[in-house]
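Database features (TrEMBL):
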TRANSMEM  12-33  transmembrane segment
DOMAIN    20-446  domain 'Major facilitator superfamily (MFS) profile'
TRANSMEM  55-74  transmembrane segment
TRANSMEM  86-105  transmembrane segment
TRANSMEM  111-132  transmembrane segment
TRANSMEM  144-166  transmembrane segment
TRANSMEM  178-201  transmembrane segment
TRANSMEM  261-283  transmembrane segment
TRANSMEM  295-320  transmembrane segment
TRANSMEM  327-349  transmembrane segment
TRANSMEM  355-379  transmembrane segment
TRANSMEM  391-412  transmembrane segment
TRANSMEM  424-442  transmembrane segment
(Lines of atoms letter the chains of each structure in order from A and count residues from 1; the text may use other names and numbers.)
(Lines give C-alpha, C1' and ligand atoms only; values in the text may rest on other atoms or scores of the structure.)
Protein backbone atom coordinates (compact mmCIF):
# COMPACT_ATOMS: atom_id res chain seq x y z
CA UNK A 1 0.00 0.00 0.00
CA UNK A 2 2.81 2.42 0.89
CA UNK A 3 4.56 1.62 -2.37
CA UNK A 4 1.37 2.30 -4.33
CA UNK A 5 0.88 5.65 -2.56
CA UNK A 6 4.48 6.61 -3.23
CA UNK A 7 4.11 5.81 -6.92
CA UNK A 8 0.86 7.79 -7.10
CA UNK A 9 2.43 10.78 -5.35
CA UNK A 10 5.45 10.66 -7.65
CA UNK A 11 3.25 10.52 -10.76
CA UNK A 12 1.18 13.47 -9.55
CA UNK A 13 4.33 15.43 -8.76
CA UNK A 14 5.83 14.76 -12.21
CA UNK A 15 2.58 15.71 -13.94
CA UNK A 16 2.28 18.98 -12.02
CA UNK A 17 5.89 20.00 -12.64
CA UNK A 18 5.61 19.13 -16.33
CA UNK A 19 2.41 21.15 -16.74
CA UNK A 20 3.99 24.18 -15.06
CA UNK A 21 7.06 23.89 -17.29
CA UNK A 22 4.97 23.50 -20.46
CA UNK A 23 2.77 26.52 -19.69
CA UNK A 24 5.82 28.65 -18.92
CA UNK A 25 7.51 27.42 -22.10
CA UNK A 26 4.64 28.79 -24.21
CA UNK A 27 6.50 32.05 -23.72
CA UNK A 28 9.38 30.39 -25.56
CA UNK A 29 6.99 29.74 -28.46
CA UNK A 30 6.21 33.46 -28.56
CA UNK A 31 9.91 34.23 -28.47
CA UNK A 32 10.58 32.00 -31.49
CA UNK A 33 7.45 33.10 -33.34
CA UNK A 34 7.95 36.86 -32.95
CA UNK A 35 11.73 36.73 -33.27
CA UNK A 36 11.50 34.66 -36.45
CA UNK A 37 8.78 36.77 -38.08
CA UNK A 38 11.39 39.05 -39.64
CA UNK A 39 12.82 36.17 -41.70
CA UNK A 40 9.74 35.89 -43.92
CA UNK A 41 9.08 39.63 -43.91
CA UNK A 42 12.48 41.14 -44.61
CA UNK A 43 12.32 40.85 -48.41
CA UNK A 44 8.86 42.43 -48.56
CA UNK A 45 9.86 45.18 -46.12
CA UNK A 46 12.90 45.98 -48.24
CA UNK A 47 10.66 46.57 -51.25
CA UNK A 48 7.88 48.32 -49.32
CA UNK A 49 10.11 50.90 -47.63
CA UNK A 50 12.99 50.89 -50.18
CA UNK A 51 15.55 49.89 -47.55
CA UNK A 52 19.26 49.50 -48.25
CA UNK A 53 21.53 46.97 -46.46
CA UNK A 54 22.03 49.33 -43.53
CA UNK A 55 18.28 49.94 -43.21
CA UNK A 56 17.53 46.22 -43.31
CA UNK A 57 20.14 45.70 -40.61
CA UNK A 58 18.44 48.25 -38.36
CA UNK A 59 14.90 46.95 -38.90
CA UNK A 60 16.09 43.40 -38.20
CA UNK A 61 18.26 44.20 -35.18
CA UNK A 62 15.95 46.76 -33.53
CA UNK A 63 14.15 43.94 -31.72
CA UNK A 64 17.47 43.12 -30.04
CA UNK A 65 17.70 46.66 -28.64
CA UNK A 66 14.40 45.92 -26.89
CA UNK A 67 15.69 42.54 -25.75
CA UNK A 68 18.67 44.19 -24.06
CA UNK A 69 16.33 46.63 -22.29
CA UNK A 70 14.10 43.70 -21.25
CA UNK A 71 17.05 41.77 -19.89
CA UNK A 72 18.14 44.78 -17.82
CA UNK A 73 14.63 45.03 -16.34
CA UNK A 74 13.98 41.31 -15.87
CA UNK A 75 16.26 40.49 -12.95
CA UNK A 76 15.38 43.42 -10.66
CA UNK A 77 11.67 43.17 -11.53
CA UNK A 78 11.46 39.41 -10.93
CA UNK A 79 13.47 39.59 -7.70
CA UNK A 80 11.22 42.39 -6.42
CA UNK A 81 7.75 41.28 -7.59
CA UNK A 82 8.08 37.56 -8.35
CA UNK A 83 8.55 35.41 -11.44
CA UNK A 84 4.85 34.98 -12.24
CA UNK A 85 3.93 38.68 -12.32
CA UNK A 86 6.82 39.43 -14.64
CA UNK A 87 5.81 36.62 -17.02
CA UNK A 88 2.26 38.04 -17.10
CA UNK A 89 3.75 41.40 -18.03
CA UNK A 90 5.62 39.85 -20.96
CA UNK A 91 2.38 38.47 -22.41
CA UNK A 92 0.82 41.95 -22.37
CA UNK A 93 3.93 43.45 -23.96
CA UNK A 94 3.82 40.83 -26.73
CA UNK A 95 0.18 41.59 -27.55
CA UNK A 96 0.71 45.36 -27.73
CA UNK A 97 4.00 45.19 -29.63
CA UNK A 98 2.89 42.66 -32.25
CA UNK A 99 -0.23 44.69 -33.02
CA UNK A 100 1.93 47.78 -33.53
CA UNK A 101 4.29 45.91 -35.87
CA UNK A 102 1.39 44.80 -38.04
CA UNK A 103 -0.03 48.34 -38.29
CA UNK A 104 3.28 50.15 -38.89
CA UNK A 105 3.18 52.82 -41.61
CA UNK A 106 6.90 53.66 -41.73
CA UNK A 107 10.25 52.02 -41.01
CA UNK A 108 10.63 54.22 -37.94
CA UNK A 109 7.27 53.12 -36.52
CA UNK A 110 8.13 49.49 -37.22
CA UNK A 111 11.47 49.85 -35.44
CA UNK A 112 9.83 51.32 -32.32
CA UNK A 113 7.28 48.53 -32.05
CA UNK A 114 9.95 45.89 -32.69
CA UNK A 115 11.84 47.39 -29.76
CA UNK A 116 8.69 46.95 -27.62
CA UNK A 117 8.34 43.30 -28.71
CA UNK A 118 12.03 42.89 -27.93
CA UNK A 119 11.49 44.08 -24.36
CA UNK A 120 8.98 41.25 -23.92
CA UNK A 121 11.37 38.73 -25.46
CA UNK A 122 14.25 39.93 -23.29
CA UNK A 123 12.20 39.51 -20.12
CA UNK A 124 10.82 36.12 -21.18
CA UNK A 125 14.18 34.65 -22.13
CA UNK A 126 15.59 35.69 -18.77
CA UNK A 127 12.77 34.69 -16.44
CA UNK A 128 11.19 31.59 -18.03
CA UNK A 129 14.30 29.33 -17.80
CA UNK A 130 15.05 30.69 -14.33
CA UNK A 131 11.49 29.99 -13.15
CA UNK A 132 11.41 26.48 -14.63
CA UNK A 133 14.78 25.71 -12.99
CA UNK A 134 13.43 26.85 -9.61
CA UNK A 135 10.42 24.47 -9.71
CA UNK A 136 12.16 21.47 -11.32
CA UNK A 137 13.76 18.41 -9.66
CA UNK A 138 17.49 17.96 -10.29
CA UNK A 139 17.33 14.72 -12.31
CA UNK A 140 15.11 16.22 -15.04
CA UNK A 141 15.85 19.92 -14.64
CA UNK A 142 17.89 20.05 -17.84
CA UNK A 143 15.03 18.60 -19.88
CA UNK A 144 12.40 20.83 -18.34
CA UNK A 145 14.43 24.01 -18.78
CA UNK A 146 15.04 22.84 -22.36
CA UNK A 147 11.28 22.92 -22.95
CA UNK A 148 11.53 26.69 -23.27
CA UNK A 149 14.06 26.28 -26.08
CA UNK A 150 11.98 23.50 -27.70
CA UNK A 151 8.93 25.76 -27.77
CA UNK A 152 11.14 28.54 -29.13
CA UNK A 153 12.11 26.22 -31.99
CA UNK A 154 8.49 25.21 -32.57
CA UNK A 155 7.67 28.92 -32.71
CA UNK A 156 10.40 29.37 -35.33
CA UNK A 157 9.01 26.49 -37.38
CA UNK A 158 5.46 27.83 -37.07
CA UNK A 159 6.32 31.33 -38.30
CA UNK A 160 8.58 29.99 -41.07
CA UNK A 161 5.62 27.85 -42.24
CA UNK A 162 3.15 30.74 -41.99
CA UNK A 163 5.54 32.95 -43.97
CA UNK A 164 6.02 30.29 -46.67
CA UNK A 165 2.26 29.80 -47.04
CA UNK A 166 1.61 33.55 -47.29
CA UNK A 167 4.43 34.02 -49.80
CA UNK A 168 3.16 31.19 -52.02
CA UNK A 169 -0.57 31.97 -51.84
CA UNK A 170 -0.49 35.64 -52.81
CA UNK A 171 1.14 37.84 -55.41
CA UNK A 172 4.43 39.58 -54.69
CA UNK A 173 2.72 42.98 -54.84
CA UNK A 174 0.12 41.90 -52.25
CA UNK A 175 2.84 40.55 -49.98
CA UNK A 176 4.82 43.78 -50.27
CA UNK A 177 1.75 45.74 -49.20
CA UNK A 178 -0.03 43.34 -46.81
CA UNK A 179 1.73 39.98 -46.49
CA UNK A 180 4.32 41.11 -43.96
CA UNK A 181 1.53 42.66 -41.86
CA UNK A 182 -0.26 39.30 -41.70
CA UNK A 183 3.00 37.59 -40.74
CA UNK A 184 3.49 39.96 -37.80
CA UNK A 185 -0.20 39.94 -36.76
CA UNK A 186 -0.29 36.13 -36.57
CA UNK A 187 1.63 36.38 -33.28
CA UNK A 188 -1.32 37.93 -31.41
CA UNK A 189 -3.25 34.67 -30.82
CA UNK A 190 -0.40 32.75 -29.12
CA UNK A 191 0.30 35.82 -26.98
CA UNK A 192 -3.31 35.86 -25.74
CA UNK A 193 -3.12 32.10 -25.05
CA UNK A 194 0.08 32.60 -23.03
CA UNK A 195 -1.60 35.30 -20.93
CA UNK A 196 -4.58 33.05 -20.17
CA UNK A 197 -2.46 30.01 -19.26
CA UNK A 198 -0.17 31.96 -16.92
CA UNK A 199 -3.07 32.64 -14.56
CA UNK A 200 -2.89 28.95 -13.56
CA UNK A 201 0.88 28.93 -12.89
CA UNK A 202 2.01 29.30 -9.23
CA UNK A 203 4.71 31.66 -7.98
CA UNK A 204 8.23 30.26 -7.56
CA UNK A 205 8.43 28.64 -4.10
CA UNK A 206 12.11 29.61 -3.84
CA UNK A 207 11.22 33.26 -4.42
CA UNK A 208 8.39 33.12 -1.84
CA UNK A 209 10.65 31.62 0.83
CA UNK A 210 13.31 34.21 0.05
CA UNK A 211 10.70 36.93 0.67
CA UNK A 212 9.71 35.43 4.04
CA UNK A 213 6.43 33.95 2.76
CA UNK A 214 7.39 30.47 3.89
CA UNK A 215 3.88 29.05 4.31
CA UNK A 216 2.91 30.08 0.79
CA UNK A 217 6.12 28.54 -0.53
CA UNK A 218 5.43 25.31 1.36
CA UNK A 219 1.86 25.22 0.06
CA UNK A 220 3.10 25.43 -3.54
CA UNK A 221 5.72 22.74 -2.87
CA UNK A 222 2.90 20.52 -1.54
CA UNK A 223 0.85 21.09 -4.71
CA UNK A 224 3.83 20.39 -6.95
CA UNK A 225 4.91 17.26 -5.05
CA UNK A 226 1.62 15.91 -3.66
CA UNK A 227 3.80 14.60 -0.83
CA UNK A 228 4.20 16.39 2.51
CA UNK A 229 7.55 14.83 3.38
CA UNK A 230 9.17 15.73 0.05
CA UNK A 231 7.73 19.25 0.18
CA UNK A 232 9.19 19.86 3.64
CA UNK A 233 12.52 18.36 2.63
CA UNK A 234 12.71 20.77 -0.33
CA UNK A 235 11.66 23.65 1.90
CA UNK A 236 14.49 22.91 4.35
CA UNK A 237 17.02 22.75 1.50
CA UNK A 238 15.85 26.14 0.24
CA UNK A 239 15.96 27.66 3.74
CA UNK A 240 19.43 26.26 4.34
CA UNK A 241 20.66 27.91 1.14
CA UNK A 242 19.04 31.21 2.07
CA UNK A 243 20.67 31.20 5.51
CA UNK A 244 24.09 31.22 3.86
CA UNK A 245 23.31 34.10 1.54
CA UNK A 246 25.08 37.42 1.55
CA UNK A 247 22.78 40.42 1.13
CA UNK A 248 25.29 42.47 -0.87
CA UNK A 249 24.05 40.90 -4.06
CA UNK A 250 25.43 42.86 -6.99
CA UNK A 251 28.78 43.52 -5.29
CA UNK A 252 29.11 39.85 -4.36
CA UNK A 253 28.36 38.77 -7.93
CA UNK A 254 31.63 40.37 -9.02
CA UNK A 255 33.58 38.96 -6.06
CA UNK A 256 36.28 36.28 -6.55
CA UNK A 257 33.91 33.66 -5.08
CA UNK A 258 31.38 34.07 -7.88
CA UNK A 259 33.62 35.36 -10.65
CA UNK A 260 34.04 31.99 -12.33
CA UNK A 261 30.28 31.45 -12.58
CA UNK A 262 29.80 34.94 -14.00
CA UNK A 263 32.50 34.41 -16.64
CA UNK A 264 31.03 31.02 -17.61
CA UNK A 265 27.46 32.31 -17.85
CA UNK A 266 28.46 35.44 -19.76
CA UNK A 267 30.71 33.66 -22.26
CA UNK A 268 28.50 30.63 -22.93
CA UNK A 269 25.58 32.98 -23.62
CA UNK A 270 27.75 35.18 -25.86
CA UNK A 271 29.15 32.23 -27.84
CA UNK A 272 25.61 30.97 -28.44
CA UNK A 273 25.02 34.05 -30.57
CA UNK A 274 28.31 35.21 -32.08
CA UNK A 275 28.83 31.87 -33.80
CA UNK A 276 26.24 33.16 -36.27
CA UNK A 277 23.00 31.28 -35.66
CA UNK A 278 20.73 34.28 -36.12
CA UNK A 279 22.40 35.19 -39.38
CA UNK A 280 20.72 31.98 -40.55
CA UNK A 281 17.39 32.50 -38.77
CA UNK A 282 16.90 36.15 -39.72
CA UNK A 283 18.33 36.10 -43.22
CA UNK A 284 17.83 32.50 -44.43
CA UNK A 285 15.58 33.39 -47.40
CA UNK A 286 18.02 36.09 -48.49
CA UNK A 287 20.99 33.71 -48.10
CA UNK A 288 19.28 31.11 -50.27
CA UNK A 289 18.30 33.74 -52.85
CA UNK A 290 21.95 34.79 -52.98
CA UNK A 291 22.75 31.15 -53.81
CA UNK A 292 20.41 31.36 -56.82
CA UNK A 293 17.00 30.21 -55.51
CA UNK A 294 13.69 31.89 -56.23
CA UNK A 295 11.60 33.26 -53.34
CA UNK A 296 9.33 30.18 -53.15
CA UNK A 297 12.29 27.80 -52.95
CA UNK A 298 14.06 30.02 -50.41
CA UNK A 299 10.98 30.07 -48.16
CA UNK A 300 10.57 26.28 -48.44
CA UNK A 301 14.19 25.69 -47.43
CA UNK A 302 13.66 28.02 -44.48
CA UNK A 303 10.86 25.71 -43.29
CA UNK A 304 13.37 22.82 -43.48
CA UNK A 305 15.63 24.80 -41.17
CA UNK A 306 12.74 25.14 -38.70
CA UNK A 307 12.00 21.40 -38.85
CA UNK A 308 15.67 20.56 -38.30
CA UNK A 309 15.75 22.91 -35.33
CA UNK A 310 12.77 21.22 -33.65
CA UNK A 311 14.02 17.66 -34.22
CA UNK A 312 17.54 18.44 -33.01
CA UNK A 313 16.19 20.21 -29.93
CA UNK A 314 14.15 17.11 -29.07
CA UNK A 315 17.35 15.07 -29.33
CA UNK A 316 19.11 17.54 -27.05
CA UNK A 317 16.34 17.27 -24.45
CA UNK A 318 16.69 13.47 -24.51
CA UNK A 319 20.48 13.48 -23.99
CA UNK A 320 21.17 16.60 -21.90
CA UNK A 321 20.64 14.88 -18.53
CA UNK A 322 22.49 11.76 -19.75
CA UNK A 323 25.46 13.08 -21.72
CA UNK A 324 25.76 16.31 -19.74
CA UNK A 325 26.07 20.02 -20.46
CA UNK A 326 29.85 20.22 -20.89
CA UNK A 327 30.11 17.35 -23.39
CA UNK A 328 27.36 18.79 -25.57
CA UNK A 329 29.02 22.22 -25.61
CA UNK A 330 32.37 20.69 -26.64
CA UNK A 331 30.68 18.69 -29.41
CA UNK A 332 28.73 21.75 -30.56
CA UNK A 333 31.75 24.06 -30.72
CA UNK A 334 33.72 21.58 -32.84
CA UNK A 335 30.80 20.69 -35.09
CA UNK A 336 29.85 24.32 -35.75
CA UNK A 337 33.45 25.19 -36.63
CA UNK A 338 33.49 22.43 -39.27
CA UNK A 339 30.06 23.15 -40.81
CA UNK A 340 30.59 26.92 -40.88
CA UNK A 341 33.95 26.43 -42.59
CA UNK A 342 32.30 24.20 -45.21
CA UNK A 343 29.58 26.82 -45.74
CA UNK A 344 32.23 29.48 -46.32
CA UNK A 345 34.08 27.23 -48.79
CA UNK A 346 30.87 26.62 -50.77
CA UNK A 347 30.13 30.35 -50.97
CA UNK A 348 33.69 30.95 -52.19
CA UNK A 349 33.32 28.38 -54.99
CA UNK A 350 32.90 29.86 -58.47
CA UNK A 351 29.56 28.08 -58.84
CA UNK A 352 27.59 27.63 -55.61
CA UNK A 353 26.28 24.07 -55.09
CA UNK A 354 22.81 24.79 -53.75
CA UNK A 355 22.07 21.36 -52.27
CA UNK A 356 25.49 21.06 -50.64
CA UNK A 357 25.01 24.54 -49.16
CA UNK A 358 21.62 23.51 -47.79
CA UNK A 359 23.10 20.34 -46.25
CA UNK A 360 25.89 22.33 -44.57
CA UNK A 361 23.47 24.89 -43.17
CA UNK A 362 21.08 22.18 -41.92
CA UNK A 363 23.99 20.33 -40.29
CA UNK A 364 25.11 23.55 -38.61
CA UNK A 365 21.58 24.26 -37.33
CA UNK A 366 21.23 20.68 -36.03
CA UNK A 367 24.56 20.80 -34.20
CA UNK A 368 23.73 24.21 -32.74
CA UNK A 369 20.30 23.03 -31.54
CA UNK A 370 21.69 19.89 -29.90
CA UNK A 371 24.33 21.90 -28.08
CA UNK A 372 24.36 25.67 -27.57
CA UNK A 373 20.73 26.22 -28.55
CA UNK A 374 19.52 24.25 -25.55
CA UNK A 375 22.48 23.96 -23.21
CA UNK A 376 23.30 27.67 -22.91
CA UNK A 377 19.89 28.41 -21.38
CA UNK A 378 20.24 25.48 -18.96
CA UNK A 379 23.74 26.49 -17.86
CA UNK A 380 22.90 30.13 -17.16
CA UNK A 381 19.75 29.15 -15.26
CA UNK A 382 21.52 26.80 -12.82
CA UNK A 383 25.11 27.94 -12.10
CA UNK A 384 24.33 31.03 -10.00
CA UNK A 385 23.36 31.03 -6.29
CA UNK A 386 19.75 31.85 -5.51
CA UNK A 387 20.14 35.31 -4.01
CA UNK A 388 21.89 36.67 -7.12
CA UNK A 389 20.29 34.37 -9.69
CA UNK A 390 17.85 36.92 -11.09
CA UNK A 391 20.50 39.62 -11.59
CA UNK A 392 23.16 37.13 -12.74
CA UNK A 393 20.89 35.51 -15.33
CA UNK A 394 20.05 39.01 -16.57
CA UNK A 395 23.75 39.78 -17.07
CA UNK A 396 24.33 36.52 -18.95
CA UNK A 397 21.22 37.04 -21.07
CA UNK A 398 22.37 40.61 -21.74
CA UNK A 399 25.54 39.12 -23.25
CA UNK A 400 23.43 36.78 -25.36
CA UNK A 401 21.29 39.56 -26.79
CA UNK A 402 24.30 41.81 -27.25
CA UNK A 403 25.85 39.10 -29.41
CA UNK A 404 22.56 38.67 -31.25
CA UNK A 405 22.44 42.41 -31.99
CA UNK A 406 25.98 42.36 -33.37
CA UNK A 407 25.19 39.44 -35.70
CA UNK A 408 21.78 40.66 -36.90
CA UNK A 409 22.86 44.29 -37.30
CA UNK A 410 26.09 43.68 -39.20
CA UNK A 411 25.54 40.42 -41.13
CA UNK A 412 24.16 42.14 -44.27
CA UNK A 413 26.88 44.79 -44.00
CA UNK A 414 29.63 42.16 -43.66
CA UNK A 415 28.29 40.17 -46.60
CA UNK A 416 28.21 43.32 -48.71
CA UNK A 417 31.76 44.34 -47.78
CA UNK A 418 33.81 41.18 -47.25
CA UNK A 419 31.55 38.51 -48.90
CA UNK A 420 29.35 35.76 -47.44
CA UNK A 421 32.27 33.30 -47.52
CA UNK A 422 34.53 35.39 -45.31
CA UNK A 423 31.65 36.17 -42.94
CA UNK A 424 31.06 32.46 -42.33
CA UNK A 425 34.81 31.91 -41.88
CA UNK A 426 34.72 34.50 -39.08
CA UNK A 427 31.89 32.59 -37.36
CA UNK A 428 33.91 29.37 -37.73
CA UNK A 429 36.90 30.99 -36.05
CA UNK A 430 34.74 32.13 -33.14
CA UNK A 431 33.49 28.53 -32.77
CA UNK A 432 37.10 27.39 -32.33
CA UNK A 433 37.57 29.96 -29.56
CA UNK A 434 34.34 28.70 -27.94
CA UNK A 435 35.71 25.13 -28.02
CA UNK A 436 38.87 26.19 -26.17
CA UNK A 437 36.85 28.13 -23.59
CA UNK A 438 34.47 25.26 -22.78
CA UNK A 439 37.30 22.75 -22.39
CA UNK A 440 39.16 25.10 -20.05
CA UNK A 441 36.35 26.63 -17.99
CA UNK A 442 32.94 24.92 -18.03
CA UNK A 443 32.20 22.27 -15.32
CA UNK A 444 29.60 19.51 -15.50
CA UNK A 445 26.36 20.19 -13.60
CA UNK A 446 24.05 17.36 -14.69
CA UNK A 447 22.14 15.56 -11.95
CA UNK A 448 22.92 18.09 -9.23
CA UNK A 449 20.39 20.17 -7.32
CA UNK A 450 20.69 23.94 -7.52
CA UNK A 451 21.90 23.87 -3.92
CA UNK A 452 24.59 21.26 -4.72
CA UNK A 453 25.80 23.28 -7.71
CA UNK A 454 26.00 26.35 -5.49
CA UNK A 455 27.96 24.49 -2.81
CA UNK A 456 30.46 23.09 -5.33
CA UNK A 457 30.95 26.01 -7.71
CA UNK A 458 30.90 28.85 -5.18
CA UNK A 459 32.75 27.28 -2.27
CA UNK A 460 34.91 29.82 -0.46
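If you go along the chain as it appears here, the first residue is 1 and each next one adds 1.
From the backbone N, Cα and C atoms, a Cβ is placed for every residue, glycine too.
Stretch with the largest number of CB pairs closer than 8 A to the transmembrane segment (111-132), among 144-166, 261-283, 295-320, 327-349, 355-379: 144-166. When Cβ distances are compared across the two stretches, the transmembrane segment (144-166) makes no contact with the transmembrane segment (327-349), since fewer than 3 pairs at least 6 residues apart fall below 8 angstroms. Within the model, the domain 'Major facilitator superfamily (MFS) profile' (20-446) shows a mean pLDDT value of 86, rounded to a whole number.
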